[in-house]
Amino acid sequence: MNIFRLAGDMTHLASVLVLLLKIHTIKSCAGVSLKTQELYALVFATRYLDIVTDFISVYNTVMKLIFLGSSFSIVWYIRHHRVVRRSYDKDQDTFRHYLLMIPCMLLALFVHEKFTFKEVMWTFSLYLEAVAILPQLVLLQRTRNIDNLTGQYVFLLGAYRGLYIFNWIYRYFTEPHFVHWITWIAGVVQTLLYADFFYYYFESWKNNVRLQLPA
């Protein structure tokens, strides 16, 4: 654990809390992509298969439970809550997310560190997380006007991955033999996907105007 890892985890947790705050308090999921939330639920379900077999620390286990529980709760809210589901824009959220799952699984089957079920699923979760934000970004481009909580949610998600990159750099220089190419490449790809959003987010903040993404 180091300051970058802790900051990344707390930023990731904050992004989830912001989204849950919007959905639970305002009873609205307007501007939120169900497709992205389903992908994240799949990411955590495949990444944390070791939760019942391998104990690392109380902190590690608690964080896993939080992300598993929150991701499936968000999907449930959007799909089944009698009020929240009415605000879901199904006509705009049309990204075919299965087109992301299939190549990620194929890539994980061929490019992994060890050919075991848990290792392949863990690698699949890395690849899928790298691109899971795409349906959300496409939805925001289509809807143009983005409310503050949704914008903060996406910003915090991108910031979390950026902080993890600093964590890897720190560990590379302070820990011997710390080399994880698959994790690093997937993380860099994920961060780059946020670059355009970050630009418009800071522009809106600097000019004190509502966040908009170009179509």
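Along the chain as shown, the residues are counted starting at 1.
Using the three backbone atoms N, Cα and C, a Cβ is placed for every residue, glycine included.
Automated prediction, rather than curation, is the source of TrEMBL annotations.
Per TrEMBL, the feature signal peptide maps to 1-31. The transmembrane segment feature in TrEMBL is assigned to 55-78, 98-115, 121-140, 152-170, 182-202.
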Listed stretches 55-78, 98-115, 182-202 vs the transmembrane segment (121-140), most Cβ pairs under 8 Å: range 182-202
Given a Cβ distance threshold of under 8 angstroms, which distant residues of the chain, six or more beyond its ends, lie next to the transmembrane segment (55-78)?
1, 9, 12-13, 16, 19-20, 23-24, 29, 32, 34, 37-38, 40-41, 43-45, 48, 84-85, 88
For the signal peptide (1-31), what are the same-chain contacts with Cβ under 8 Å, counting residues 6+ beyond its ends?
59, 63, 66-67, 70-71, 73-74, 77-78, 81, 83-85, 87-89, 139-140, 143, 146-147, 149-150, 152-154, 156-157, 159-161, 163-164, 166-167, 170-171, 174
Close approaches to the transmembrane segment (98-115) from elsewhere in its chain (Cβ under 8 angstroms; 6 or more beyond its ends)
39, 42, 121, 123-124, 127-128, 131-132, 134, 182
